[in-house]
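Undergrad: Questions regarding the structure given below will be posed in turn.
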Amino acid sequence: GEKYSWDADTQGWILGSFFHGYIITQIPGGYLASKIGGKLLLGFGVFGTSVFTLLTPLAADLGVGYLIAVRALEGLGEGVTFPAMHSMWSSWAPPLERSKLLSISYAGAQLGTVISLPLSGLICYYMNWVYVFYIFGALGVLWFFFWMWLVSDTPEIHKSISHAEKEYILSSLKDQLSTQKSVPWRPILESLPLWAIVVAHFSYNWTFYTLLTLLPTYMKEILRFDAQENGFLSALPYFGCWLCIILSGQIADYLREKQTFSTVCVRKCFTLIGMIGPAVFLVAAGFIGCDYALAVAFVTISTTLGGFCTSGYSINHLDIAPS
């Protein structure tokens, strides 16, 4: 903003433009994953996002319109990530292991944030801000080749899976997968559990992505932390969320496996904790004045508790529509 003299509104458009693209490919992403497979869709989605990440500094020099367009194109590629991921897990995750397995995928997103935020601060401090985009874009392209080499859509076509593991996965899913080829749109649109998941997604993601986008700005402009402090402190909430996602996934599957609670009860309770807890601490953070330590603590606790949602509504898609 300082180099390019962008006002707050322009910065908001730049930061938000990613999600304008991101939202467009959510539903088509699920459909495409069922047609071409999650491996190709996720792989080329990340590859496209990585290429446009490499082009971001050039777009910024060309003008704000170019930058907004490139950011939106990055979002288009990234928007297929979770639909493709769910499509793949539907063929890989045994029912009683879904929470822990999907939580690993979701936790990876948090771990990436934990690493990228402080690393970005260090790169900006010791090198130049453009290298943030060059380095992460290049890593994304490199990741694409490893993904295409190592990953398979289903256990049947995996090159190195053991026979015992393949049989275990397939036998656990034999009554789960549907052979129906057409999409039952009317039952989908009339499904109350589906709309409950949609509302839960909207409610949680509104807060999560607002923080993800604006937390570094809040740390810089309101709490007045420098670039290095900003990177490390902005990463702290997501480190807590990463831990919570891993632990909650283990706990959720343990409760289901031992039949201590039903799957519905586990999903509802974990979603409740992951919604109410963050709301309480985030609202409290707005009333503490200039206590910087308490502000960081409350935001960290809020984001950490949100990790419970991963074993709540985030996995409920596969409970109600396993195929």
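Even glycines carry a Cβ here, placed using N, Cα and C.
As listed in TrEMBL for this protein:
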- 1-323: domain 'Major facilitator superfamily (MFS) profile' (DOMAIN)
- 12-33: transmembrane segment (TRANSMEM)
- 40-60: transmembrane segment (TRANSMEM)
- 101-123: transmembrane segment (TRANSMEM)
- 129-150: transmembrane segment (TRANSMEM)
- 192-212: transmembrane segment (TRANSMEM)
- 232-249: transmembrane segment (TRANSMEM)
- 269-288: transmembrane segment (TRANSMEM)
- 294-315: transmembrane segment (TRANSMEM)
Undergrad: Of the stretches 129-150, 192-212, 294-315, which racks up the most C-beta pairs under 8 Å with the transmembrane segment (101-123)?
TA: 294-315
Undergrad: Among 12-33, 40-60, 232-249, 294-315, point out the range having the most Cβ pairs under 8 angstroms from the transmembrane segment (129-150).
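TA: It is 40-60, which has the most Cβ pairs under 8 Å.
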